[in-house]
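According to Swiss-Prot, the features are:
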{"type": "BINDING", "residues": "Lys11, Phe59, Arg87, Thr93, Arg104, Asn114", "note": "ATP binding site"}
{"type": "ACT_SITE", "residues": "His117", "note": "active site, pros-phosphohistidine intermediate"}
Amino acid sequence: MRLEKSLVLIKPDAVERNLIGKILEVYEGAGLKIKAMEMKQINKDFAEKHYEEHRDKQFFNSLIKYITRSPLVALILEGEDAIDKIRSLNGATNPEKAEFGTIRRRFALSGTENSVHASDSIESAEKEIKLWFPKVFYEEICG
């Protein structure tokens, strides 16, 4: 077991439906700690930078339109094996394939409007935290 950090986004569909508290309760109930949190309205350029690995995929434009339509909540969660734990709590990207009790099974509307995003590896967590929370990243690395 190792102490890890992950970026988590509570996406616009969940924010619009007042699910922030319910989703945070799941993470905190699993022993994860909130290290940073901010509500943000992101623009197209920022969204495209975050989702750059999906640029050539068919769903890219609809994903960018969705993620920029209204505010979202960005947070850094920390805990033992946080990346795998969070991904397990979130469930499969497609809510119909997600296990019962997971965040996406409970709250997601579709494969795109799936309520949450989380880093999928240590490398992506570092990259995403640096993008979303540059001051926190700088303080962690540079003291």
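Cβ coordinates come from backbone N, Cα and C, glycine included.
Counting only same-chain residues six or more apart in sequence, the Cβ atoms lying under 8 angstroms from the Cβ of Asn114 (ATP binding site) belong to Lys11, Asp13, Thr93, Asn94, Pro95, Arg104, Ala108.
Pairwise Cα distances among Lys11, Phe59, Arg87, Thr93, Arg104, Asn114, which the record gives as the binders of ATP, peak at 21 Å. Around Arg87 (ATP binding site), the C-beta neighbours below 8 angstroms that are at least 6 residues distant in the chain are Ala118, Asp120. In the three-state DSSP reading, Lys11 (ATP binding site) counts as coil.
Taking the C-alpha positions, the distance from Phe59 (ATP binding site) to His117 (active site, pros-phosphohistidine intermediate) comes to 16 Å. The Cβ of His117 (active site, pros-phosphohistidine intermediate) lies under 8 Å from the Cβ of Leu7, Val8, Leu9, Lys11, each of which sits 6+ residues away along the same chain.
DSSP assigns Arg87 (ATP binding site) to a helix.
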